[in-house]
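Swiss-Prot lists 48-80 with the feature repeat 'HAT 1'. The repeat 'HAT 2' annotation in Swiss-Prot covers 83-115. Annotation comment: Swiss-Prot describes 117-149 as repeat 'HAT 3'. Annotation source Swiss-Prot lists repeat 'HAT 4' at 151-182. The repeat 'HAT 5' feature in Swiss-Prot is assigned to 184-215. If you look up Swiss-Prot, you'll see 265-305 marked as repeat 'HAT 6'. According to Swiss-Prot, the repeat 'HAT 7' annotation covers 315-347. The repeat 'HAT 8' annotation in Swiss-Prot covers 349-384. The repeat 'HAT 9' annotation in Swiss-Prot covers 394-430. For 435-470, the entry in Swiss-Prot reads repeat 'HAT 10'. What Swiss-Prot lists as repeat 'HAT 11' is 472-510. The repeat 'HAT 12' annotation in Swiss-Prot covers 555-586.
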Amino acid sequence: MNTDGLSREKVSDSQITSEQILQDAFQLKDEPLNRPKQSIQDLDELRSFQLTKRKEYEQQLNKNRLNFGQWLRYAKWEVKHNHDFPRARSIFERALEVNVQHIPFWTHYIQFELSHKNITHARNLLDRAVTTLPRVDKLWFLYVQTEETLKNYQMVRIIFERWLSWNPNPSAWDAYINYEKRYDEYDNAREIYIRYVQIHSSGEIWLKWIDFEMNDVPIDPEQVKRIRNVFELSVDSMLASEALRGDISLAEIINKWSLWEISVKEYERARAIFQLMLKSDTIQEIITPEQRNQIYSSYTEFEKSYGDKDTIESSIMIKRKLKYEEEVNKSPSDYDSWWSYISILQQEDNNEVTRETFERAIKVIPTDAFKSTVWRRYIYIWVKYAFWEEFTMGSIENGRNIWNKALKVIPHKRFTFAKIWISFAQFEIRNDPENGLASARKILGRSIGQSSTVKPKRKLFKFYIELEQKLGEWDRVRKLYEKWLELSLVGENNLSTINSLLTYIDFEKNIQEHQRCISLFELGVRLAEDDKIFTKVNPLEYMLMQFINYYKEEMRYAEARSLYRKLVERVSTPKVWISFALFESSIPTDSQLKAFEESTEEEFEFSIDETHRETTRSVFREANDFFKHNNLKEDRAVVIEAWKQYEEANGSEESLRDITKKLPVIVKRRRLIEGEEEEYLDYIFPEDEEAKPSKISGLNAFLANAQKWMANQN
């Protein structure tokens, strides 16, 4: 027998489950409190019951007089059970005395009267409510709704007018307009809109009026005029009001206006609207960039659909104008944008706006303390302005004032602009036949005085000198050149002295003043030899070469040769020696000169003869000996290579073989520098090795071994 199974069965019978607990709890729960039903048998019992209920309500209200739900239940009980309207109204009035601003109680009170069809009481209560709380829109809405439901339409208008006298929110105006629209009283609605936009002036209200005229009123010819008038009035009013100029609804109104004009087939009117908004400078100063961009986007879409080539180009021009205007407003120092913006304005022939824009641009002076690209672009704005006044406007006096103002802006002690000075001088010459030349000379003289504190301005001197040359004023030209030289010597860049001197020499050469040319060349050589003047670079070689070329052109070859001698003494470079050698083959010999002088022909056929070759070889030998003596192997190799090229062009086979034997052999060697070994190239000259009979050079040994190897091979 299984005792374990029996024991488990007994235990399970004695256990209490959760199901049993819940079942017992449900069976033993408290019964609901059932109040005994009270039956009223006579009038005394009724009055006793009423008194008891009223005491209960009053006790509750004494505990919390702000419990408006209790007041409401109290009043409803009086009506529902006792049909005592005066007592119920008394309860409502007592509640309002507690808090007259409690809007829900007002509405319940009014609904109470309406639900029992006490219309007169409800009207009186509504009138009292809006008089007591005129700023509460809900009470006004309830009032007009009640009167409209009662079809007392004239009273509704009176109530709305009372309401509007308190300057309510736009919702009151919208409700009044919607009321008139429901009964097709369009003239009344239009009159309300006229007052509406004056009290609540905004783009949104104008759009409501526009939508009303376009969508709610039947279309006829008179209505088309009304719609157009509303559009015009809305745009004019918004542009005239400082508070509404930045309203983004303006762009929406313009777009809606143009679309409406398109709908009535008035394409030119639509285009004129866009162009007026985008081209008028007065309007452009008023509207914001965001408005401008939206209007232009609408204009672009319009031209894509209804425009031709000219109108599309016009729209592109307007876009560029708006773009540059936005850029100059964002970055006033962007002179490229100023230039482009002004160019567009000039094409529009709006002279006053163009002049104002020029003035705006030139007021933004660059802050750079050096002659930067920004300064250059800024100065060109001045030049453009002056030319515009002179040539386009024909105002000579304005042009003169602009040139003078431009000169006052430039910091001449740091830098100047020759363009301004020269253009001003040309301006005076063009526009003043009597005194223009004198004025131009004063301007140019002033330019030299003010702008030469650091170094002379080459362009100024060049223009002034060319002007005097055209007039044949040689003495003035010489004075200018002398002043140029003087200022060049004072400045830091003394190389400009040589350049100005050479320009001076060219002038004297052109007027056949050869003695002056020679004197100026000699001055230049003396200056070049002065190390105190030229501290950074030495222009002696350049100056002497120019002097030599001058003598060569004048066929004064002996003087040129002596200058070459002086040059190789001071500047002994391979380049100078080679130039000297080739010079001897580039000039005619004495016999050739004599033959030319005796000849009647105007042209001389030059040819290199043996005299040229020997003289040139003599210079090459002298150069070779000089570099050999000074152990300048690389320079010596350069001279021999040039000599070889000369013999290839002008010499014989024998002379070419002789010079070829002089060519050095380049070998690699090693040497110690600061304890480190490095490779270098060395030049071995055969003629130097032949001069050493007691010692076989490395080259001769190498050649001997090579010959021996060839013999063995054979």
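Even glycines carry a Cβ here, placed using N, Cα and C.
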Do any residues, 6 or more residues outside the repeat 'HAT 6' (265-305), come within under 8 Å Cβ-to-Cβ of it, and if so which ones?
239, 245-246, 248, 250-252, 254-255, 257-259, 311-312, 314-315, 318-319, 321-322, 325-326, 329, 348, 350, 353
Taking a Cβ cut-off under 8 Å, which residues six or more beyond the ends of the repeat 'HAT 3' (117-149) line up next to it in the same chain?
85, 89, 100-101, 103, 106-107, 109-110, 155-156, 159-160, 162-163, 166, 168-169, 171-172, 175, 179
Sort out the residues at least 6 away from either end of the repeat 'HAT 7' (315-347), same chain, that have Cβ-Cβ distances under 8 Å to it, and list them.
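Those are 275, 278-279, 284, 289, 292-293, 296, 299-300, 303, 307, 353-354, 357-358, 360-361, 364, 366, 374, 377-378, 380-381, 384, 388, 392, in sequence order.
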Using a Cβ-Cβ cut-off of under 8 Å, list the residues of the same chain that are 6+ residues beyond the ends of the repeat 'HAT 5' (184-215) and lie near it.
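Same-chain residues near the repeat 'HAT 5' (184-215) but 6 or more away: 157, 164, 167, 170, 173-174, 176-177, 223, 226-227, 230-231, 234, 237-238, 241, 243-244, 247-250, 252-253, 256, 260.
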Going by DSSP assignments with H, G and I as helix and E and B as strand, what are the residue counts for the repeat 'HAT 6' (265-305)?
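Across the repeat 'HAT 6' (265-305), DSSP assigns the residues as follows: 36 helix, 0 strand, 5 coil.
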Where DSSP helix means H, G or I and strand means E or B, what are the helix, strand and coil counts for the repeat 'HAT 5' (184-215)?
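Once the DSSP states are binned, the repeat 'HAT 5' (184-215) shows 27 helix, 0 strand, 5 coil.
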Under an 8 Å Cβ to Cβ limit, what residues of the same chain, 6 or more beyond the ends of the repeat 'HAT 8' (349-384), are close to it?
281, 328, 332-333, 335-336, 338-339, 341-342, 392-393, 402, 405-406, 409-411, 414-415, 417, 419-420, 423
Please work out the mean pLDDT for the residues of the repeat 'HAT 9' (394-430).
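Value for the repeat 'HAT 9' (394-430), mean pLDDT as a whole number: 94.
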